[in-house]
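Noted in Swiss-Prot for the protein shown:
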type	residues	note
TOPO_DOM	1-33	topological domain 'Cytoplasmic'
TRANSMEM	34-54	transmembrane segment
TOPO_DOM	55-60	topological domain 'Vacuolar'
TRANSMEM	61-81	transmembrane segment
TOPO_DOM	82-167	topological domain 'Cytoplasmic'
BINDING	Glu99, Glu110, Glu113, Met146	Fe cation 2 binding site
BINDING	Glu99, Glu102, Glu110, Glu113, Glu150	Fe cation 1 binding site
BINDING	Glu102, Glu110, Glu113	Fe cation 3 binding site
TRANSMEM	168-188	transmembrane segment
TRANSMEM	192-212	transmembrane segment
TOPO_DOM	213-219	topological domain 'Cytoplasmic'
TRANSMEM	220-240	transmembrane segment
TOPO_DOM	241-247	topological domain 'Vacuolar'
Amino acid sequence: MVIAGVSPPTPSSENLLQEHEEKHFTATDVVRDVIIGVSDGLTVPFALAAGLSGANVPSSLILTAGIAEVAAGAISMGLGGYLAAKSEEDHYMRELKREQEEIINVPDVEAAEIGEILAQYGLEPHVYNPVVNSLRKNPQAWLDFMMKFELGLEKPEPRRALESAMTIALAYVVGGLVPLSPYFFIPFAKQAMITSIAVTLLALVVFGYIKGRFTGSNPVLSSIQTAIIGALASAAAYAMAKAVQSV
């Protein structure tokens, strides 16, 4: 179908499309899960270990408590990620069923909504009416269009909930082992805590830089921002731990 005012693709334009390589990063859900897992993993076990270090307990006890917290935190965070992704999937399916019923029961209203959506992009009725008619002949394409452009919902991946749970849990474990690593090698808790602070800050800087590279933001700015936010969060958690100990 040729839309008025729009030239059909020519062989040369099709060749250009084939030669052009998009460099957009689209795995935003995975990046979000990794950020959630690693950032929490770097912060919570560090605060626990630092708080126990101030109580003059041996490194072995801190290590045992820290590993137990990492295991429990990974399970909890993973379960939270699973439930969140599952809720999104359930919401999508409910809206999909509702939209299917509306297309069957009130097709003229739904067709008018297509026109309203396309008009928001500056298209005139004589331009978008052929598009509306084409979509009415293809119910599945019509349904997909309404889900995406009317409701703003993307179809979740079938295994998204499980993948989210595994990604967050694994990222939490990786992040949590970083501040605990000095306690494996340094028997004196306060010395291990100083090393843990340095290692955790370095990990936050590296993590922020990598995050910036993947998300397209300034890597240096991202690393500084991540380090500052992580340091403030860790300091707040440490202060709360010390306050509880003093009660």
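Cβ atoms here come from the backbone N, Cα and C positions, even for glycine.
Recorded features from Swiss-Prot, shown on the structure.
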residue: Glu99; record: Fe cation 2 binding site; DSSP (3 states): helix
residue: Glu110; record: Fe cation 2 binding site; DSSP (3 states): helix
residue: Met146; record: Fe cation 2 binding site; DSSP (3 states): helix
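On the backbone, the CA of Glu150 (Fe cation 1 binding site) and the CA of Glu113 (Fe cation 2 binding site) stand 8 Å apart. For the transmembrane segment (192-212), the list of distant contacts is 31, 35, 38-39, 42, 46, 49-50, 53-54, 59, 62, 175, 178-183, 185-186, 218-227, 230-231, 234: same-chain residues at least six beyond its ends, Cβ to Cβ under 8 Å. Sequence-distant contacts of the transmembrane segment (220-240), counting only residues of its own chain at least 6 positions beyond either end whose CB sits under 8 Å from a CB of the stretch, comprise 39, 42-44, 46-47, 50-51, 200-201, 204-209, 211-212. Secondary structure of the topological domain 'Cytoplasmic' (213-219), assigned with DSSP and counted as helix (H, G, I), strand (E, B) and coil, comes to 4 helix, 0 strand, 3 coil. Within 8 A of the CB centroid of the Fe cation 2 site residues Glu99, Glu110, Glu113, Met146, the other residues of that chain are Glu102, Ile103, Val109, Ile114, Trp142, Leu143, Phe145, Glu150. Of all Cβ atoms in the shown protein chains, 20 besides its own fall within 10 Å of the Cβ of Glu99 (Fe cation 2 binding site). Annotation: Glu110 carries the greatest number of neighbouring Cβ atoms among the binding-site residues Glu102, Glu110, Glu113 [cut-off 10 Å, Cβ to Cβ].
Here the binding-site residues are Met146, Glu150, and the one whose Cβ sees the fewest other Cβ atoms within 10 Å is Glu150.
Helix first, then strand, then coil: DSSP counts for the topological domain 'Cytoplasmic' (82-167) stand at 69 helix, 0 strand, 17 coil.
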